[in-house]
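Per TrEMBL, the feature domain 'Heme-copper oxidase subunit III family profile' maps to 30-217. Per TrEMBL, transmembrane segment is recorded for 35-57, 77-96, 124-143, 163-186, 198-216.
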Amino acid sequence: MSLFSRLTEKSWLTPGVEGFADPADYRPMAMSVGLYVYFAVMVVIFSLIVAAYLMRMGVHEAMGHSAGDWRPMPEPALLWVNTAILVLSSVAWEVARRATFQRSWIPAFAGMTKLGSDAQRMRLGTIIGGLLGIAFLGGQLMLWREFYAAGYYLSANPANAFFYFLTAMHGLHLAGGLVAWLRVLARPTLSGIRLCTLYWHVLLLIWVLLAGLLLST
């Protein structure tokens, strides 16, 4: 390479130049920052809904339990079953995340016939975690049908409306996580699996808080 070529070379566009990172290297960091911003927005949204829930319930409490239109919903066993499914889903994702710290998982995940133990845990954890997420959403729909059959309609009282709205919001966020899960299955990456795991853990935490709120009031 001539001296003029070296002087006019754009090192930030030239692959392999020491001291300059490939733009692709910034992708996981950008995804992480984006996910944390999304978490912040999600927490604010759920906090506002919960605040409205508590305020509306407080109006009922001020009127006395015998007055007003607030009637707490029952605690069906299916609610606990769904919670257990989501916990197991989060555990499966954690197993997959821990396996990504091994260096030999990439070719195995892509479909090689021989899978190492770490690659097996990573692949099975990813698949099972997503499938259990689908099972959780199916269980939530069954829970809705159970409440509806028992006469707990959306417009019957405010407690019902808040229950359906909160569970629907949580379900939509989980459905978004399943879209990311499908992308990870199609194109597995270290950052993809780790971010999906973090997303599932946050959704589990939100669900536990929501379930505790709904059951205690």
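Every residue gets a Cβ built from N, Cα and C, even glycine.
Beyond its flanks by at least six residues, the transmembrane segment (77-96) meets 121-126, 128-130, 132-133, 135-136, 139-140, 142-143, 146, 193, 196-197, 200-201, 203-204, 207-208, 211, 215 of its own chain at Cβ-Cβ distances under 8 Å. Long-range contacts of the transmembrane segment (35-57) within the same chain: residues 70, 158-159, 162, 165-166, 169, 173, 195, 198-199, 202, 206, 210, 213, 217, each at least 6 residues beyond the stretch ends and with a Cβ under 8 Å from a Cβ of the stretch. Confidence over the domain 'Heme-copper oxidase subunit III family profile' (30-217), given as mean pLDDT on the 0 to 100 scale, stands at 84.
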